[in-house]
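In TrEMBL this protein carries:
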type	residues	note
REGION	1-73	region 'Disordered'
COMPBIAS	1-20	compositional bias 'Basic residues'
COMPBIAS	41-66	compositional bias 'Acidic residues'
REGION	86-108	region 'Disordered'
REPEAT	149-190	repeat 'WD'
REPEAT	210-251	repeat 'WD'
REPEAT	252-293	repeat 'WD'
REPEAT	352-374	repeat 'WD'
TRANSMEM	484-502	transmembrane segment
Amino acid sequence: MPPRSRKRVVGGPKAVKKKARSSDNAFFEPEPKRSRRGGGLDDDIESLESDEEMSEQDSEDEEEETAGEKRIRVAREHLNKVRAIAMRVHEDEGEEEEGDEGRYEREGKRDSLVAELLQKEQLEGSGRLQRVIATRVLRPEPDDKFRMLVKHHLSVTAVALAEGDSKGFSASKDGVIMHWDVETGKSEKYLWPSEDVLLSHQAKPPQNSAKKRSKNVLALAISSDGRLLASGGLDRHIHLWDTRTRGHVKAFHGHRGPVSCLTFREGTPQLFSGSFDRTIKLWNAEDKTHMDNLFGHQSDILAIDCLRRERLLTVGRDRTMRLWKVPEESQLVFRAPASSLECCCFINDSEFLSGSDDGSIELWSLKRKKPTHLIKNAHAPSLLNYSHSYEENGTTTCNGGDIDNGCKKKESHSSAHSWISSVAVCRGSDLAASGAANGVVRLWSIQSESSGIRPLYDSSLVFFKLMFSLKYLITLSFHNELSFFLQQFLFTALFFYLLGSLSRLIHANIDMQAGFVNSLVFAKSARFLVAGVGQEPRLGRWGRVSSARNGVAIHPIKLKDEHLSIA
C-alpha cells in the first residue's frame, strides 16, 4: 500500500478527532493514540520518510556556507598546496638532520619557505614583483642561433606556450594547429571535425553555402591550466579544443568579422576575443557561455592582451590603444604619435609596450596619454652601435638611424622591412622582444620610466663575434716566430673554420632570420624565446619572402644567477 501524502497526515488528526467522539471504535481513534498502540505499516514508513526529509534539510542547511567561510576554506586549501610545494623543495635539497633540534630546524625552514612563496604570489598578483632578467642575459655564442623546431606548410600566424613551458602550440594560414614538445620538437596535429560536428557544437554555417568553411587561423590562446586551447580565424568563430584529447569542444559565434586576436585572463576561464568587426567579446570557456561585449574601436582590432586583473589592452587600425577596465565599464584611450599601431602587450598593470608599422617601439604608462619613450627605426642595423636620445614634445625619443657629423640622418632601408609585427614581454620581468618584417628579433631591457628601454642584442652580434675570431686567427698565423708548418696548419684550420662558420651563418640567415616574425612568446623561466615565422605577414599578403621557411623557431637565452627585486 503506498504511503499517505504529507498533507493528509498533517490535516488528518483534526478531522479524525471529530469522528472519534461519535464512536468508540478503535479504527476512528486519533493518530497519536494509534501510534502509541503500535500503529500500522504505512505510518512507520511515513515517519521514516519524514525523518529522512528532515535530515536532508538539515544537511542542506549545513552545506550552505557563508562567503567568509568559503574564503577561509579556499585559503586553507591554497596553504596546503603551498606547504606541499615547500616540502617537495626541501626534500629535493636532501637536507637531513637527526634529533628534535634537526626536526624543529627543518620545520622552521619549511615555514619560512611557505611564507616566502605566499609573499611572492601576492606580489606577483599585485604587479609589485619584478624579476631582473635583462641585465643577466648573456651574449649568445656563435652556436646560439634560432633553430627550426616545427615546420608548417604556410606562414605561421600564432604561437603559444603552456604554463609549464614544456608544451607549445602553433597555427598557420592553412588551418593547421600543431601541438609540440619544446625539448624534442615532436609534434601532433589537430584534426578539424566535419561540418556536421561543427554545427552540433553551435557553429553557424558559412554565409555562402557554395563555399567551404575557411580554416585560416589567425590567433591562439591557451588557458592557465593548460586544458583548453582557443583558436580564431577567418570563419568568424572561436573554437575551443581539449589539449588532452586534441578534440573539438565548442564553437563560439557572434562576431561579424574575422577573429584576429585572443587572450585568456590569467588564472581564470575568462576568454577575450577581438575582431575586424570592431568589437571585443568576453566568454567563459569553462561554462561555454557569452558574457559581455565591449565597444569603442573605430576600425579593425589587431592585438589584445590581459593579465590577472580585469583590465584589457587592445590596439586597432584607428591608431589608438585602449585600456579597458571591465568591472567599471570604462576605457582609457592612448593615441599613437604618427603611425598605426600593430601589436601590444602588458609589462605590468601600469606599463605596456607597443609596436608600429613605421618601425618604432613605444613605451606607455597610465600616467600619460602619450608614449613615455619612443624608439624610431627600432630594428635599424645601427641601433646597437648608436643609441642617441633627444626630447620631442616631452617624449624621450631614440633614433636608430645613422649619425653623420653629430646630426641624425634618416635610415635608408625600406620601412616595410622594419615593420614591427610582434612584441612580447617575459611576464613579471624587465625583458622584452620585438620582431620585424625583415626577420630580425631584437631583445630589449625595460628600465625605469626615466631611462626607458635599451636594446640588448640581435642576430648581428654573432657576425661581429665571427669577424673578431677571424681577425685573431689571421694575426696569429702571420706571426714571425711561427714555423712554416705551423703556419700551414693554421691556414688550413682557418679555411675550414671560415667555411663552416659561413655555411652556418648563411643557413641561419636564410632559413631562420628571413621572413616575417608574426608571433613571439617568452618562456616563463626566460630560458628561451619562441618565434612564429612565415613567408607572408599574419594579416595579409602584401609581402612575400620566398627564401624563408614557414615554421616555429626557438632561441635559447642564457642567464646569470636569478635575482628578485621589489618595486
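Each residue, glycine too, has its Cβ placed from N, Cα and C.
Remember, TrEMBL labels are computer predictions, not curated facts.
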In the repeat 'WD' (352-374), how many residues does DSSP put in helix, strand and coil? 0 helix, 12 strand, 11 coil
Integer mean pLDDT for the repeat 'WD' (210-251): 93
For a three-state summary based on DSSP, what are the helix, strand and coil counts in the repeat 'WD' (210-251)? 0 helix, 22 strand, 20 coil
